[in-house]
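Quick look at what Swiss-Prot annotates:
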- 1-7: topological domain 'Extracellular' (TOPO_DOM)
- 8-32: transmembrane segment (TRANSMEM)
- 33-44: topological domain 'Cytoplasmic' (TOPO_DOM)
- 45-67: transmembrane segment (TRANSMEM)
- 68-81: topological domain 'Extracellular' (TOPO_DOM)
- Cys81-Cys158: disulfide bond (DISULFID)
- 82-104: transmembrane segment (TRANSMEM)
- 105-123: topological domain 'Cytoplasmic' (TOPO_DOM)
- 124-144: transmembrane segment (TRANSMEM)
- 145-173: topological domain 'Extracellular' (TOPO_DOM)
- Asn171: N-linked glycosylation site (CARBOHYD)
- 174-195: transmembrane segment (TRANSMEM)
- 196-223: topological domain 'Cytoplasmic' (TOPO_DOM)
- 224-245: transmembrane segment (TRANSMEM)
- 246-257: topological domain 'Extracellular' (TOPO_DOM)
- 258-279: transmembrane segment (TRANSMEM)
- Lys267: N6-(retinylidene)lysine (MOD_RES)
- 280-289: topological domain 'Cytoplasmic' (TOPO_DOM)
Amino acid sequence: YLVSPAAYAALGAYMFLLILIGFPVNFLTLYVTLEHKKLRTPLNYILLNLAVADLFMVLGGFTTTMYTSMHGYFVLGRLGCNLEGFFATLGGEIALWSLVVLAIERWIVVCKPISKFRFTEDNAIMGLAFSWVMALACAVPPLVGWLRYIPEGMQCTCGVDYYTRAEGFDNESFVIYMFIVHFLIPLSVIFFCYGRLLCAVKEAAAAQQESETTQRAEKEVSRMVVIMVIGFLVCWLPYASVAWWIFCNQGSDFGPIFMTLPSFFAKRPAIYNPMIYICMNKQFRHCMI
């Protein structure tokens, strides 16, 4: 054991709790939305995509981690490590790029940079396809030789290899690609869209350009998406920061807990994304009841 058996037991219990909550609430989100026609709006397609991403993390990642934590190390071999790392990365990236699509949708709908534009079903499907393509562009390369997935932290979960420094082993290019294309760029787009959105909401309120009902509806949707973005950042920024520090300080000594804590902190979006959607969407709650 790298740490005490009690730490592995706590980790297993934590993963069991995430599965116990994450699977039902995400499945409920999918079921209720597909069951009620009035919930099948273009915007909700993107929110459903978040639920699918969370289920990937729950079924492909959390179950594996709970099982390996019972043994105190990653017992599933290279194939299991690749699958766990792939599903965890894919789920996180689908969620991130879905939030990018939601931010762009909110910016276009509220700020109206394109006159008479409506976010249609075709636009939503294009957004879904875009989020999957970008997520796969991050999750697949380690499977085909551009870097690799390895056990990290307490060795119960797998992630991208930020650590190895050896002759003939080049991990710099992929890590830089991932941080720029799959972290900094999407976050920059999100911050730009919501910066413009806040300005537009204040201007519309001051000018009273739209009805009070319309303004209230747009504000509620925007508030829900903003909270999802904040939650994503709270969970993923510690992991990204620690991973970047390890990459920039390869060869430095650090304990297994150093990477384990932010790694498992980053798994919580699978729970809070659907709970935010359920708590802040009155129409969904009405259909659920």
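Here the Cβ of each residue, glycine as well, is placed from N, Cα and C on the backbone.
If you take the Cα of Cys158 (disulfide bond) and the Cα of Lys267 (N6-(retinylidene)lysine), they are about 13 angstrom apart, rounded to a whole number.
Long-range contacts of the topological domain 'Cytoplasmic' (280-289) within its own chain (CB-CB distance under 8 A, at least 6 residues past either end) are made by residues 28-29, 32-33, 35-36, 38-39, 220, 223-224, 227. Using a cut-off of 8 Å between Cβ atoms, the transmembrane segment (174-195) and the transmembrane segment (82-104) share at least three residue pairs, counting only pairs 6 or more apart in sequence. In sequence order, Met15, Leu18, Met57, Gly61, Phe62, Ala88, Cys235 constitute the residues six or more apart from the residue listed as 'N6-(retinylidene)lysine' in its chain with CB-CB distances below 8 Å. With pairs at least 6 apart in sequence, the transmembrane segment (8-32) and the transmembrane segment (82-104) have fewer than 3 Cβ pairs within the 8 Å limit; the two do not touch. For the disulfide-bonded residues shown (Cys81, Cys158), fewest C-beta neighbours within 10 angstroms: Cys81. Shown in sequence order, Leu147, Asp161, Tyr162, Thr164, Phe247 are the residues of the chain, 6+ apart in sequence, with a C-beta less than 8 angstroms from the C-beta of Asn171 (N-linked glycosylation site). The helix, strand and coil residue counts that DSSP assigns across the topological domain 'Extracellular' (68-81) are 9 helix, 0 strand, 5 coil. Proximity of the transmembrane segment (8-32) to the transmembrane segment (258-279) is established through 3 or more Cβ-Cβ distances under 8 Å for residue pairs spaced 6 or more apart. Note on the topological domain 'Cytoplasmic' (33-44): DSSP counts are 9 helix, 0 strand, 3 coil. When secondary structure is read from DSSP and collapsed to three states, Cys158 (disulfide bond) falls in the strand class.
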